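*Asks:* Before I ask anything, here is the structure I am working with.
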Amino acid sequence: MSWSRLDIDRWNLECEFNNIDHRTDLNGVDRLIVRRGQTFTISLYLRSGSYQPGVSSLDCVAETGPQPSEQYGTRASFGLSANIDTSCWSAAVTSPPGDMVALSICSAPDAPIGRYTLTLGRSGRIEFILLFNPWCAGDAVYMDNEQNLAEYVLSQDGIIFRGSYKHPIPTPWNFGQFEGGILDACLRILDMNPKCLRNPGKDYSGRRNPIYVSRVLSAMVNCNDDKGVLLGRWTGDYSGGVSPMVWKGSVEILRNWDAQACQPVCYGQCWVFAAVACSVSRALGIPCRVVTNYLSAHDTNNNLVIERYINENGEPIQSREMIWNYHCWVENWMTRPDLKSDFNGWQATDPTPQEKSEGVYCCGPVPVRAIKEGELTFKYDAPFVFAEVNADIISFMKKKDGSTSKVTSTTLVGQNISTKSVGSDAREDITHLYKYPEGSDEEREAFKKADHQNKLLHQEQNQGLHLTIKVTSDMRKGCDFDVFALVTNNTQSTKKCRLVFGSSAVSYNGFLKGNCGFKDLLNVELSPGAGERVPLRLNYSKYGELLTEDNLIRLAALLLDYTTRESVLAVRNIVLENPEIRVRILGEPKENRKLAAEITLQNPLPEPLEACCFSIEGANLTGGCVITERLGSSVGPGEDAKVKVYFTPTHSGLRKLVVDFDSNKLGHVKGYRNVIIGK
């Protein structure tokens with residue numbers, strides 16, 4: 001039988017039909033964007049002849065990257081088959097004989113992601129973008145739950161938890177992974193990574209593997225070794241850029257990086273790094289969520305112990321090993337064929353530059369299950385992540401004469417590990433995914449495996465003198481309020497003690513910014529079984545000027561027993577509530593119809609607010625832009641700052657309008673409103 005090659009005149013990529021079918025239509029329908037391991041269909045119009053089953057032939061070649069090769073999996077040659085084979089690159093005609101041919105094409109479920117050219121015979125050459133496919137059972141990122149997929153791949157907004165472990169504060173974020181230009185920026189991130197610049201053929205081949213891609217993203221979201229997206233800064237001096245608190249979403253950050261020839265965007269901190277990594281992962285098709293670990297340990301020498309030093313007033317002496325009030329990273333969903341199957345699923349990846357891994361500032365991916373089980377040899381960076389949630393803290397007091405003594409303290413790490421719930425803005429506590437219940441047999445087994453000797457010894461705490469810090473619920477910014485040190489004598493003898501009770505404004509990663517109130521009681525006498533409640537007044541007139549944008553105050557009480565010379569330390573971070581931003585939607589929200597929102601914030605401070613500015617953004621709400629409204633006058637104590645903004649929603653469904661309020665005294669206040677847009 002003689003084969004007859006199809007003579008193609010023109011084609012239609014049927015972008016709208018295919019992109020909707022592949023759940024990529026929110027990127028637009030002006031170009032073909034498909035997911036691997038899933039069929040897409042294009043229309044071919046023949047110049048001459050017609051398609052005849054079993055007679056007509058068509059040579060197809062799919063290529064990606066600058067050095068496509070079949071050996072690297074970046075080039076695939078295939079012809080027409082009777083039926084599509086979803087396990088490899090294949091093509092089949094799905095229309096009856098005639099001069100219009102419906103050609104169905106399927107990529108391999110493990111094909112490298114990225115930009116492709118597809119050559120059809122001698123005259124056809126089309127371009128498309130291929131993404132990971134978590135709806136495809138053959139893909140390493142497959143996720144078998146539609147609600148989870150809607151949340152972790154398709155949702156363009158979310159909640160990141162900040163604040164403190166006793167008071168988690170939800171911060172809205174616009175991930176915006178389908179906004180104009182974002183997918184192109186994400187593909188450029190892959191192209192600018194040093195591995196690609198050194199060996200593009202090998203790097204493009206590696207893009208078949210979500211483990212490899214996640215590790216590249218972990219390095220490229222920060223700019224410490226490369227032309228990465230964000231420069232981190234934690235000093236409070238944000239000249240040459242903007243405070244990390246300014247950002248409401250990833251869109252502006254990624255667009256700025258792309259438009260500025262890959263110069264880093266200034267500045268980021270952990271939740272910004274994590275949020276941008278989440279946007280990029282979702283854009284490429286990897287299910288992803290942002291996770292917050294409260295009281296997160298930064299262990300620099302892999303001994304799973306944080307040695308914390310304080311002075312005689314209970315104030316910390318800064319060192320590289322610290323406890324962050326919270327720390328954010330991301331989890332990406334994938335299989336781990338390089339490990340046992342028990343370790344498939346969520347993988348922790350951290351784009352905040354903290355320590356080098358294999359010579360580069362990146363961290364992960366490491367299976368969350370490996371952290372729970374104490375499997376510290378598993379790739380990548382298991383000891384660092386294990387320490388973040390499990391490190392032991394040993395406190396020492398450095399005295400004026402240079403000597404040091406051990407201090408009893410009950411500080412925990414890895415508390416209330418949090419992420420946004422699927423389908424709602426509620427907080428989901430996922431601590432149980434990272435660690436077994438404290439004191440359980442399983443926890444001891446995990447610590448044995450991890451050789452976590454300090455935790456296994458369960459050092460004896462001082463049972464005689466007990467010290468805790470209590471607070472009330474009226475701790476709002478602008479108010480004066482009391483906090484309390486509770487001292488209890490559990491011994492059979494009278495105790496004479498010194499109590500130092502202090503407070504300092506502090507950044508979320510533990511740097512002190514100034515004294516907010518201090519008390520030094522030299523003669524605290526406690527009879528057996530007795531207790532004393534010692535108040536410390538915090539006045540806005542003092543703490544107002546010292547607060548960082550994190551609104552955090554560190555309370556520390558240090559009790560010195562004159563008889564035994566033993567010391568007990570209690571530390572607690574409190575977060576002061578910002579005022580609520582109220583958003584009222586005016587009119588019926590409809591697709592492609594102008595909508596108004598009235599946005600109000602009441603000044604809670606005993607002084608006027610100057611330079612007040614509201615800015616809003618929302619995926620598919622504000623046209624991919626930030627809308628800014630400045631107030632022309634100051635806002636007095638108890639008065640409302642109020643603006644009306646207009647925007648035109650482009651897509652139906654549940655959308656999040658994210659609001660930021662900035663002023664000279666309050667710093668950045670976040671708020672949001674969920675809006676259901678009708679068709």
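In case you wondered, yes, glycine gets a Cβ from its N, Cα and C as well.
Those TrEMBL annotations? Automatic predictions, nothing curated.
So TrEMBL has the following annotated:
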type: ACT_SITE; residues: Cys270; note: active site
type: ACT_SITE; residues: His327; note: active site
type: ACT_SITE; residues: Asp350; note: active site
type: BINDING; residues: Asn390, Asp392, Glu438, Glu443; note: Ca(2+) binding site
type: DOMAIN; residues: 262-353; note: domain 'Transglutaminase-like'
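A description of the local structural setting of each listed feature is requested, covering burial, neighbours and distances.
*Replies:* With a 10 A radius on its CB, Cys270 (active site) counts 28 other CB atoms from all the protein chains.
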*Asks:* Looking at the recorded positions Cys270, Asp350, Asn390, Asp392, Glu438, which has the shortest Cα distance to His327 (active site)?
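*Replies:* Out of the listed candidates, the nearest Cα belongs to Cys270.
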*Asks:* Which has the fewest other Cβ atoms within 10 Å: Asp392, Glu438, the binding-site residues listed?
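*Replies:* Comparing Cβ neighbour counts within 10 Å for the binding-site residues Asp392, Glu438 gives Glu438.
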*Asks:* Cα-Cα separation of Glu438 (Ca(2+) binding site) and Asp350 (active site), in Å?
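*Replies:* Asp350 (active site) has its Cα 25 Å from the Cα of Glu438 (Ca(2+) binding site).
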*Asks:* For the C-alpha pair, I'd like the distance in angstrom between Asp392 (Ca(2+) binding site) and Asp350 (active site), rounded off.
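*Replies:* Here the two Cα atoms are 21 Å apart.
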